[in-house]
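Everything on this sheet refers to the single structure shown next.
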Amino acid sequence: METDTIAAISTPIGEGAISIVRLSGPEAIEIAAQIFDGKDLHTVASHTIHYGKIVDPKTREIAEEVMVSVMRAPKTFTREDVVEINCHGGLVSVNKVLEMVLAGGARLAEPGEFTKRAFLNGRIDLSQAEAVMDLIRAKTDKAMHVALKQMDGRLSRLIKKYRQELLETIAHVEVNIDYPEYDDVEEMSNDMMREKTKQVHDQIEQLLALAKQGKILREGLSTAIIGRPNVGKSSLMNTLVQENKAIVTEIPGTTRDIIEEYVNVRGVPLRLVDTAGIRETEDIVEKIGVERSRQVLKESDLILFVLNYHEELTEDDKKLFEAVEGLQYIVIVNKTDLSQHLDMNQVKELAKSQPIITTSLIEEKGVDELEKAIADTFFEGDLDAGDMTYVSNVRHIQLLKQAKQALEDAMAGLEMNMPLDLVQIDVTRTWEFLGEIIGDTASDSLIDQLFSQFCLGK
Ligand code: GDP
Ligand code: ZN
């Protein structure tokens, strides 16, 4: 069977903040070997793990220290060659490794694609595959809408519109320079250019702001429940699971079993990944200190921070407040059925502007309010995901960021009154970055389009 090599970030069971970039397919070992500085992955034995560095093949820059496992077909989850790159440095570096792997020729895996391959290659049976695929598909209805909208080409229509706006600007400057005798074409001024670039810049910025929500809809909001022992973390977890029909999957793999639980809270999929230090964190600060805890907690999109109404605030509570400072969290003051010992003013002061919800989980009170707070945090009210254009592809997000940066360079140039033909270089780069999103980059097509734009030389 002809297949390409796919890659994606997957979160393992394990210790601390480890993330894995997993590759599967005929080129998996080759692609990993290109960026791996360590043993020659081509020759290592199957099912072995190796320490080394990930090095950008172009810049020779070291991106990450990693452990790489090599598993040759057919004794793997997908029955293809599988490589797992274990990164410990958090989301930024794992994304960087993923980007390099994609640049090296792998394709970003679709949700469920590893499972699909396992099925196609006979590793699991249809009902197992379907269960996993259903889960992935039905995480929420909203996620479905986003996927459909994207297939509908909404994103590419928007990108084309931005490119057209930029192209008109580029063409305009070009005409001013190359054909100064065309006086029926108005001279492009610094102000006009500023207005045009800002317009497109702001629209891209908006798209990127929505990208975060897009990712959440697709992958679920990775959620940590933290608090001192006995405050009610497990009770909270159970409540969320029971009220919202958690879907538990076990994906059997050869090297490890991954267990994830999704709960759908008012359209927000919470992903409670059973990774030490992420799902339920009792004495994380105790174990690894405030700074390191912050690093771990930063990896989650949302933190549910539980306090006990029946006890005074302790030093450990305060340390947890320190660890979550600046992150997105909701304070849950639990056990309100018992007498009050907690100073709520002190809690309000420490929580700053983050929401505080009071609950009695034992009496099932406050759960609605909590669910509303979770939904509000990410949808800011009743935002209807179906009407929005989301970007959730890593590559697209990356290119949009680059496009935005190039426009900012252009705007900075305008600010310094740089000549327009220099500013134009950054505008052209923006046009190219956007083109990569929709797969249209040929630089001579710029020239073609310039001409079709103005019908010069007629
Ligand atoms: P964890 O250690 O933070 O996971 O806390 P648990 O969820 O295991 O709860 C610790 C104890 O507190 C258990 O006996 C729970 O039944 C109890 N508990 C949880 N929520 C409440 C509540 O709202 N009120 C009262 N009175 N007890 C609670
Ligand atoms: Zn517990």
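Residue numbers in this text run from 1 along the chain shown.
Glycine is no exception: its Cβ is also placed from the backbone N, Cα and C atoms.
Note that TrEMBL annotation is computational and uncurated.
According to TrEMBL, the feature (6S)-5-formyl-5,6,7,8-tetrahydrofolate binding site maps to Arg22, Glu84, Arg123, Lys458. The annotation domain 'TrmE-type G' is assigned in TrEMBL to 220-379. The feature GTP binding site is assigned by TrEMBL to 230-235, 249-255, 274-277. Positions annotated as K(+) binding site by TrEMBL: Asn230, Thr249, Ile251, Thr254. As annotated by TrEMBL, Mg(2+) binding site applies to Ser234, Thr255.
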How long is the line from the C-alpha of Lys233 (GTP binding site) to the C-alpha of Arg22 ((6S)-5-formyl-5,6,7,8-tetrahydrofolate binding site), rounded to the nearest angstrom? 31
Ser234 (Mg(2+) binding site) - helix vs strand vs coil (DSSP): helix
Same-chain residues at least 6 apart in sequence with Cβ under 8 Å of the Cβ of Asn230 (GTP binding site), in sequence order, are Asn308
Go through the binding-site residues Arg22, Glu84, Ser234 and pull out the ones with a Cβ less than 6 angstroms from some atom of ligand 1. Ser234
Enumerate in sequence order the binding-site residues Arg22, Glu84, Asn230, Lys233, Ser234 whose Cβ-atom distance to ligand 2 is under 6 angstroms. Lys233, Ser234
Where Glu84 ((6S)-5-formyl-5,6,7,8-tetrahydrofolate binding site) falls in three-state DSSP terms: strand
Pop the Cα-Cα gap between Ser234 (Mg(2+) binding site) and Arg22 ((6S)-5-formyl-5,6,7,8-tetrahydrofolate binding site) into the table, whole Å please. 31
Lys233 (GTP binding site) has its Cβ surrounded, within 10 angstroms, by a count of other Cβ atoms equal to 24
Calculate the distance in Å between the alpha carbons (Cα) of Glu84 ((6S)-5-formyl-5,6,7,8-tetrahydrofolate binding site) and Ser234 (Mg(2+) binding site), and round it to a whole number. 32
